Each structure stands twice: as C-alpha cells, then as structure tokens.
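Down below is the structure, laid out as structure tokens.
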Amino acid sequence: MNDSRFTTRSELIGILVLAVFLVVILPLCLDVFRLNLVAKYLTYAFVALGLVICWGYGGILSLGQGVFFGLGGYCMAMFLKLEASSVENTKIQSTPGIPDFMDWNQITALPFFWKPFHSLTFTVAAVMLVPGIFALIIGAAMFKRRVGGTYFAIITQAVAAILTILIVGQQGYTGGINGMTDLRTLKGWDIRPDHAKIVLYFFEVGLLFACIFIAQFVRHSKLGRILVAMRDQEDRVRFSGYSVANFKIFAFCIAAIFAAIGGAMFALNVGFMSPSFVGIVPSIEMVIYTAVGGRLSILGAVYGTILVNFAKTSLSESFPELWLFGLGGLFIAVVLAFPNGLAGIWGDYVQPRIDRLIGSRKPKSGAGWTDDSVADGAPAE
Amino acid sequence: MLIGHQPKPFLLSVEGLTVSFDGFKAVNDLSFYVEENEIRVIIGPNGAGKTTVLDLICGKTKATSGSIEFRGKDLTKLKENQIVKAGVGRKFQTPSIYDDLTVFENLEISFPRGRTVFGALTFTRDATVRDRVHEVAEMIFLKDRLGMSAALLSHGQKQWLEIGMLLIQDPDLLMLDEPVAGMSVSERAKTAELLNRIIKDRSVLVIEHDMKFVEDIAHKVTVLHQGQILSEGTMDHVKNDPKVIEVYLGH
C-alpha cells in the first residue's frame, strides 16, 4: 500500500537524474554562452510540459501555445523595457522616459495599459494571469460549445496568426516586428553579464522543477485520470457526472500558464521578445518538441525540447536552409514510428534491459494502489 | 417521504416527448411512466427510437417538445452532469470504458465524489473508495482483474465493467442499452444473474432484443414502433398483442 500521490519511485529517480543533469553536469560542461542557449531551450520546455498535460493526457491539441508563450514574454518584456527606458537613459528622445519604439512612432505619452508594468509584483501576476484568463476565455468559448479535435487546433492557429498580426501592426505600442529589444536590468540588477546569465539559468531550472512537480501532481490526481478517460471516451465521462468542458478548460489554462512562465523566462534570459515567438511556426515547433520527447511523458518533454533545440542550433548553423525540412522529417518519423517519442523508446527498449541488468526484479511498486498486489500483466482470458 | 395516504408518485414520467431530426420524428409524442423499483424493458424493431429515448432521458439529445420528469425535476432543462447527479445512470450500447486506465481506476472515476475540477484535484483514494470499488468489482466478476488495463478485458468483461461503473454511481434509475449483446452463452447467463442482483432497490430501464432475457427480468414491457408506443403491459400481454406480432415478434 504505497500509494504515493506525487510520484512513483522510478519517476522520482527520473526527476533526480534530470536535476543532476541540469544543475550539475550542464553547468560544469558548458561555457556561459552555451549554458545561456540551454536556458533558452528550457523556456520551451515549460511549453512542452503544458502540452503533455493538455495534449498528451487531455487529448486537446493546441497549435497556438506561442500565443501564451508570447503573452507571458511580452508582460515580462514590458516591465524590463520600462526599466530600461528611464528618463536618464532616454534623454536623447523627443519624449524622454518612454520606450524607444514609442518615440520612433510619434507616441508622446505612455499608454494606459503600460503603466501598471512599472510594478514587478503586477508584472509577475500578469505573466500568469493575462495568458491564464485569455486561455479561460478561449477554452470556455470552445469547449462549452463542444468544439474539439482538429477544429480546436485550427482555431488556436488562427489565434496565433491574429496575435502576431496585432503585435506587428501596433508598432507604437508593441515594438512591432522588431519586438522589444535592449532589455537591461531587473530592479536595477543587470541581466546581461555572464554571472547574471548563470543566476538566471539556475532560477529557471528551479521554476522548471516547480512546474514538473505541479504537472506530476495533476497527473497523479484523479483529475489526471479523468483527462485520460476523456481522451478515450468523452461521453462516458460526461454521463458519469462530470462537466467535461470544465476539465478541458482547466488543462488548457494550466498549459497556457506554463507556456507563459516559459515566455517570461525567455525575455529574461535572451534579453528580448519579438512576434517571431508568437506565431504559427513557433507554436508548431513547440508541439514537435513535445512529440519527440513523448507526449505522455513529463520528463520526456523536457529532454525532447533540449534535444531538438540542440539539433536545431547545430544544424541551422551548418545548413540553415535544410533545417526546416529536417524538423518536418523528424516530426513525421516520430509520429509514424514512435508515437510515444523518446520516452516511449526508453520505456519499451531501454528500461526493460536496465531492469534485467539489475536483475533484482522485485514486485513492481509502480502500480502500487491495491492491497492484494495484482500482477501488472495478468493474462487476459 | 411524507406522502401519507397519497398514491406513490412515479419515479419517471415521460409526457408528450417528441424529437425530430430534420423533420424526421425519431420519437413522436411518447408518454410512459416508470414506478419506483420497476424493471421496464423497451423492445422494438431497429429504428423504433429505443436508443433515442434513452438519449433524451440522459440529456445526450435535446427534446423538441414534451417533458421528462424525474423525482420532480424536469430533466429536459438540466445538463448531462446534473442529470447524473439527480440519479440517472446510463450504459451505452457498445462498451464505453477507459482503455488506458486500470479496472480499478475505471470504477473509481464513477465514484460519486469529487466531480468538480477542484474536487478531482484533491480527491483521495481512502478506505471508503477502496472498499466500494472492491465490493463492486466482486459483483461484476472482476475482483482479480482490478490491476489490469481495461483494454485487455474481453468484450463481456468490458460490458460488466461498464455496468459496475454505473453501480458505483448508485443511480435511482439505471438505463441499460442492450446489456447482453455480443455475449457468449455463459457470459449471458452470468449477466442475467448480475442484473437480477443489481436491479434491487432501483428502477431499471432496459433495451434488449433477447426475448428469453426480457421474459426473465421484465416487470413491464413497452413496445416501440416508429417512435410511438405500440403496446405496453406484461410480457404475456405484449406477446399476444396482434399489433406486436405483426410488426415485431412475427418476423
């Protein structure tokens, strides 16, 4: 009777291995430039983590996670931009004290919705609440009307396209196609030098593990099982007394909030935010990270994101024009041959061998929910 | 209830129920009443509207007109999950179970607690839940299959599992859509035994084609034909009704 609510033992080991990898091995092996690249990759891992819950468990494919990544990132970038646009820093502008791109666009006063972003507390709340509430609205509008599957995926794509157009079009308020650049300090602490990059990296890893634990909690709660049940038999869940729409909205919102945290960390680590991380292409890339890592595996999504991005960086450095084809090919290959991604390969081929090597196959503790220890693979009739 | 000398009200009163799909009336001005603890079987040829009637009661299909009153509530105005909460349980024709979960987890999801998002997040598998799942699993002959993935069950076992999921819900009105369809002879006998045990203390509405089975369990039989009631009464009465013989039993 070892019904652990958060993790089973093997999952805990997996989390520890990932922690050692991210906290010890990578910082020791990589220079600051490469470590900062990993920090950038990990911002997408937040999105992938959300997609595991929303898509992997809940079966809700969102092709518009860039929207939430972008909203979180822009909220953070607005705060940083305001701090970088102090009167002193911007005295050469015709209106000092407002962000440079506003000045270039003949805007003479800070727009009202920018003002609260002077406050870091407000910004941190907004990073999660703005995308969360936006997801709530989209989710309620779609799921209450029973819109799902491909239709939902297409609508999320449309939202991603619309938001990109909006950001690019409203140059004076958003920085347009260039985005918000030249972000410098966080409460007076310079985020650009090497030591700041290292601190930010560890902070981000900490946040990532917080999100991993939240995801684990959701997954091992009854809500996690209801999501899986809904994916298979939506009507059965509905006629067992659940409001299916509410559960879908929850999964979509949590995925949105995770994505937004990733976006905010992106603005901090990379030092800018632009519409090129909001639109359709980045949104689909984020789905590919999740698919490659394994859409049913919380840790797999993190590894998948790091791996695909490493490949992207090295391939696009050498063969820039071939990269997109490579990514597309990878996606098709994974979906056709390994629908559960790297985590599936690990679970099917590697894990059993390790178990055999260790040899001491004690009765499995993984399924430990019942008192009369039923064997996992009891033969069917 | 404090009804005293008044006649016992019906558990379910369906009155003037009509549903039309693009002008085609699948159910046409249908009225029938189910008493407490009654076992009612609905029979009828294909396309008679049997499944549609169950769909209407559980809220899957919205009625065009008419009312469905259950324990004083008009079900046509409630959402699906509210209808379940009111005490109506429904089994689908093809076994609808969760393949990716274990038998235990399948049953647990139907346990009537923690049905909101927050409730599901904070749900704990305590002794009450565990005991109830074991109790029901024993009833549905799946006691030694609790840890198994539901996908590995045989067709008959899947049907039992879904019946078990309804039992955990403990509905006042249990609706079963062809519970013995596609079962082997021995499974069928076991299912009849199972149904005979679980129909105590509740009303049951069953759709079934197997006449032997119907004869075994039915208190009252309603014969549907083209969305309307052709005949209603005891099995003997219905069997000898010339209208019924003509459209259904004679075939």
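Quick reminder: no glycine exception, Cβ is built from N, Cα and C everywhere.
Please treat TrEMBL annotations as automatic predictions, because they have not gone through curation.
If one looks beyond the transmembrane segment (A:12-30) by at least 6 residues along the same chain, the residues whose Cβ comes under 8 Å of a Cβ in the stretch are 38, 42, 198, 201-202, 205, 208-209, 212, 216, 299, 302-303. For A:12-30 (among others), the entry in TrEMBL reads transmembrane segment.
For A:42-64 (among others), the entry in TrEMBL reads transmembrane segment.
Non-local neighbours of the transmembrane segment (A:120-143) in the same chain are 67-68, 71-72, 75-76, 78-79, 152, 155-156, 159, 186-187, 244-245, 248-249, 252-253, 255-257, 259-261, 263-264; each lies 6+ residues outside the stretch with a CB under 8 Å from one of its CB atoms. Residues or ranges marked as transmembrane segment by TrEMBL: A:120-143 (among others).
According to TrEMBL, the transmembrane segment annotation covers A:150-173 (among others).
Under the heading transmembrane segment, TrEMBL lists A:198-218 (among others). Sequence-distant neighbours of the transmembrane segment (A:198-218) (same chain, 6+ residues past either end, Cβ-Cβ under 8 Å): 5-7, 11, 15, 18-19, 22-23, 27, 32, 35-36, 38-39, 42-43, 45-46, 49, 52-53, 191, 224, 254, 258, 261, 265, 268-269, 298-299, 302.
If you look up TrEMBL, you'll see A:239-266 (among others) marked as transmembrane segment. Residues 39-40, 42-47, 49-51, 53-55, 57-58, 60, 62, 65, 68-76, 127-128, 130-132, 134-136, 138-140, 143-144, 146, 148, 200, 204, 207, 211, 214-215, 218, 223, 226-227, 230, 273, 277, 286 of the same chain sit 6 or more residues outside the transmembrane segment (A:239-266) yet have a Cβ under 8 Å from a Cβ within it.
Among the features that TrEMBL reports, transmembrane segment is placed at A:286-310 (among others).
What TrEMBL lists as transmembrane segment is A:322-346 (among others).
Feature annotation from TrEMBL assigns region 'Disordered' to A:362-381.
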- Item | Leading stretch by Cβ pairs under 8 Å, where the reference is the transmembrane segment (A:286-310) and the options are A:42-64, A:150-173, A:322-346 | A:42-64
